[in-house]
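Participant: Have a look at the structure that comes next, please.
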């Protein structure tokens, strides 16, 4: 994706009012209909697109007369209406004056708004049924006019959102080329209202709402305010809709930004991971700056800036109503262009040297991780990674420091294990030169093709200081042991390109007091939401594609975890460390060839507890690594620390561990992630799994169970069952027919209480990649 | 499945003690080893099977010496142990005296217990790693001896149960012919203890536990007692294990009945829906009756009786220890045989005339529902259903009552719509004869093959009173209109064989004051757990098989819903009505041929709230019907009412709507089920979906949001957005840079509270059968 063109498109909303006013004006040359005239006008005003309602009030009137019976006051009239309704249901269609457009030219490039009075989630079965027929009729008509994008009215009630969603799903199947966009307020403003007393200095009344702004979502009739009563409510409805529509790629969001946005609030970030297609923005949401020009509230500003990654269509409504004193209609779109230019994502993409710039076109694109041990890399692959100035700079610094710190005065032996096309050899020589120490370099490489390049560089650049050795570092014989072993075997997750196993082999030719660069590395995880990545992973041809980790430049993703300790302090930070590898290993049991007898010591596992402050959907895990090269010089792609350790390093995108089935996580829940690094004689692979919990905040029961401490010897204590024998197994002397054992008389037992429980399990994923069946790394 | 043979097998547990004692006795002829001698003895005592530990204490000792390092007191010794461990890890294997059996003859038919000191869920990575290698070694050895069934030691900690489960899954893949059974106490007895003061008259100490009874599950180290601290705890661990093992059919439960069971408690019923293979029963769980013979506590008695449907192997442990004064060793198994004989399931199966007897071999077997409208049934199918005495008896009574009640004195016209091979015609004639009324019968049938049978019966039995008419009731012309229209078009879910649509057509020849038998019918649903049915549904060859409703005679199932109103009274009863159809329809709009213009009036939907008192897993929905034939005569397969309305009726098994992905439901949760009956011109189909919620019992926030009542005119009120304009959209006059809009200063907004919410969403299923893609019924 290139950012040369603008990130956002701006559309203007034509209202029924606009159209009827235009109809009263004399026809313009080349614009034979009001809609054509308005479209031409919009183009001259600089709008990229036009958005308009598909139907007129006449259609609404006819539909209501047929489908809403006046409840038995006049039975004959009711029957006549029902007869008309049945005839319509059998063959649904429009009359000419019920639609705003009739010509292909009018429809060209237009996005239509479906009749916003259609109650697809009405409590009444018949209203819902007839609204569905009307919706299908409108979409069929739009299809006829070659329109590919329609915006649906928002759902109104949490109670029947599953019916709304089912209808949308049926329409997606019915209209195979139509993209449907669900209009939804970014949150239900009534929630915020209830929590705010009037702001100081702000009047109680706002400007009249612009036509086309959404209706309020009303609380459910039965008084449950599940969704509509909290700030996550509209997102929760969206989640039901897109889930019922099985994450269709033709289903998107028209996010309505009418309500004011807080400047920074966790509940907004989840929208980043959703399929936002349009942003609906009425002019009444703009406020006036000191000069009187329309500007947006700070929270809305930053939300729009961040949303630029979605390349949205911003639908401006009511820009022609003159709500603001200065700037006129054009001021609104000019202001939006200003936000676009100042969007951090747009700026980063335009700045050379950033990952964002380097990685253009790779955002949210799934790549299989490299397997450099099993496959010999291509020259072009080496070339790509050699472009990273930060990584090799840090390596050179690490080598330089190690040389400077090296206590012995005699010749220092360096060995580059896995030299590739030679970047670390060159950096080693440069570090040696800078340090003034006497040192030689061995360069080990097993890729015969890269070895040709190495020979060329030795001849041309390096000379006798460098000795080339051809072979696999796990098996090759090296003429002398090294003081400093340098390698670049790390993957996005640290150990995922078998650095631990390769260095196990290379340790044979490292002196017992030698050092390894890198000296250690850690793997890190965080739970992640992204409908884009979920869809990308399952779009893979094989069923296994959802069980394979991928290398991904994240963009439309949201980390679900919070940084707190969760409601009971069990949880770690937002991104948590899984495990560490250190080199050299000091306690190894080796065979006569200096190699470990088994790979058991490179097995790892981690169980991590994440707090989930805001409701979301788990689609996968984000994997990162951090490495200590030497001393305080390192490499990191950990989002919170990379800028301190290795800013603008380009070589690694994070790893993405997908989950086959999305796991819903409520606000204030906890996620327990298990991940294993497993190995046998031939392979290494990861398996992963997650469980979700809620904290029950009920007061503890009277008789809390004393947590009997786990006996220190319990492990070796194999034979003894029932550490303390259950007290209530009665003596054989008691009559079985006696009362003592009739539990049903004891009301406290009939409905057992969850004594002492705090965390309540609420869900889990399946185990992914068991036995490495979908993905393993060859030893 | 035939019940001629016994439902349960009884196995005896041979302990290491038993084996070493037998080794000291002189060898018996034909039994060259202690195990062979003990097996022969067990057979003579009447045991069906033998169960024994696979390994001896020598193995435990060697494993511990290798794998448990004494923590650095002697570094050389540690290194030597580690060297031995590495050698073992590279090539795991037994020494002769580390195993109890070495010969194929010893192993024949035996079930082995895996070393119960293996901590597959140890907190320590290395202990877990080496326990896994040991487990694989034991299973490989058992496989070598042609053993097909091994019982694994119970998991001990909720914290690392996912690691336990991952290992079990790896073993299932590793040993493709081995059945693994997880030993689990039916609940954690420490929970019950904590709630019980000593029972009156029962001493504080019980008999010494029998070797082989399970160890106590200890609370998690971090003090969370999620699973181990509640009565559902061991089931929750089982659920993690079998989920991680992807519901492998080679994974079963060895349910340990050591702890005493309450007589009736909801938390026990979920085990019914699990794959119970063995019941572990130590003699110490038996109590003595007044005479001194061993009997079981009432709760355990009834649990075992109910478990007979699983055809379990009951493993008796310690029957030879003489814990009870009378009856000797044989008394225990004799008592178990007594429980078997008095099991309601066994008794029902043996009683002719019951559904259980009629349906033998069909339990939990998935059948595609009939489509008698689209397909012409075979004679043998008619014959099966004609065997139902109850159904036709009730029909005759309904017809008789209708005739008796019929006000007019002249000739009464009966019409059987869908006469099949004639059972309702015969019953009509019988009812006419009994009533003494003057009546004739028209018999309409569209199946040309059955029509031959009808002609034969008219000639042989019925004579001129019956007029046969060949054709589809929706289109055929009938010579005169009927007073009473009789049909048997009902499916397991009432309308699922298109009775509503067929009768719409037949209404053409029913007089305006005529009556229909049946006069109405209702469809009913309940949420259901069953790992068996889940596995059966996904075993279907096509992916679609998990989206098709099936006809099933339920056995290993558990209804998840409770009968209460849930924690906030929203919920209905355990089994809830979805919708109703009534005949004749009085308000129909018809075309000139007397047929409805569309099928819209036969669309239905229901949204049902179920309370879920005990944690479980949703695998599907159970569907039932109930019909009013005439007056108070009906047909019902509703589990709570069928015995009152139509006891021992055989014709209908319930319907099973499967879910593709199991949905975990915590204790005290709520399930909202949506189901739709949808129709177009050619088809009828069902779609279904469910969402799970938890009640947040936190106190309501200070400012509860007033539930603004849904405006009565809101529906027609299409154009008015934002019923009340959001109060906090500021005036354009306010400076955008002013503080008034800096939400981040308002701490109350930074972390928004879920004001007013009570129900918290925790999960959902996908939408099933959208657009009837997997299953529809042809019109």
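Keep in mind that glycine also has a Cβ here, set from the backbone N, Cα and C atoms.
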Participant: Pick from B:172-197, B:198-223, B:224-249: which range has region 'Disordered' per TrEMBL?
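Facilitator: Among B:172-197, B:198-223, B:224-249, the range TrEMBL annotates as region 'Disordered' is B:198-223.
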Participant: In terms of DSSP three-state secondary structure, what is the assignment for residue B:445 (S-adenosyl-L-methionine binding site)?
Facilitator: strand
Participant: Here are the recorded positions: B:472, B:488, B:497. Which has the lowest count of other Cβ atoms within 10 Å?
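Facilitator: Among the recorded positions B:472, B:488, B:497, the lowest count of other Cβ atoms within 10 Å belongs to B:472.
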Participant: Please give the greatest C-alpha separation between any two of the S-adenosyl-L-methionine-binding residues B:382, B:391, B:392, B:445, B:472, B:473, in angstrom, as a whole number.
Facilitator: 24
Participant: Sorted by position, what residues of the same chain at least six away from residue B:382 (S-adenosyl-L-methionine binding site) have a C-beta under 8 A from it?
Facilitator: B:420, B:421, B:450
Participant: Looking only at DSSP and grouping its letters into three states, which state does residue B:472 (S-adenosyl-L-methionine binding site) belong to?
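Facilitator: Once the DSSP labels are grouped into three classes, residue B:472 (S-adenosyl-L-methionine binding site) ends up as coil.
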Participant: Hey, what's the Cβ neighbour count for residue B:445 (S-adenosyl-L-methionine binding site) at 10 Å?
Facilitator: 26
Participant: C-alpha of residue B:497 (active site, proton donor/acceptor) to C-alpha of residue B:472 (S-adenosyl-L-methionine binding site): distance in Å?
Facilitator: 15
Participant: What is the separation, in Å, between the Cα atoms of residue B:488 (active site, proton donor/acceptor) and residue B:391 (S-adenosyl-L-methionine binding site)?
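Facilitator: The Cα atom of residue B:488 (active site, proton donor/acceptor) is 10 Å away from the Cα atom of residue B:391 (S-adenosyl-L-methionine binding site).
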Participant: For residue B:473 (S-adenosyl-L-methionine binding site), what is the tally of other C-beta atoms lying within 10 angstroms of its C-beta?
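Facilitator: The answer is 27 other Cβ atoms.
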Participant: Could you state the whole-number distance in Å separating the C-alpha atoms of residue B:472 (S-adenosyl-L-methionine binding site) and residue B:385 (site 'Critical for specifying symmetric addition of methyl groups')?
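Facilitator: Just about 21 Å between their Cα atoms.
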Participant: Are there residues of the same chain, six or more positions away from residue B:385 (site 'Critical for specifying symmetric addition of methyl groups'), whose CB falls under 8 angstroms from its CB, and which are they?
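Facilitator: Once residues fewer than 6 apart are set aside, residue B:385 (site 'Critical for specifying symmetric addition of methyl groups') is near B:391, B:651.
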Participant: Return the single residue from the binding-site residues list (B:391, B:392) that has the minimum number of other CB atoms within 10 Å.
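Facilitator: Per-residue Cβ counts within 10 Å for the binding-site residues B:391, B:392 bottom out at B:392.
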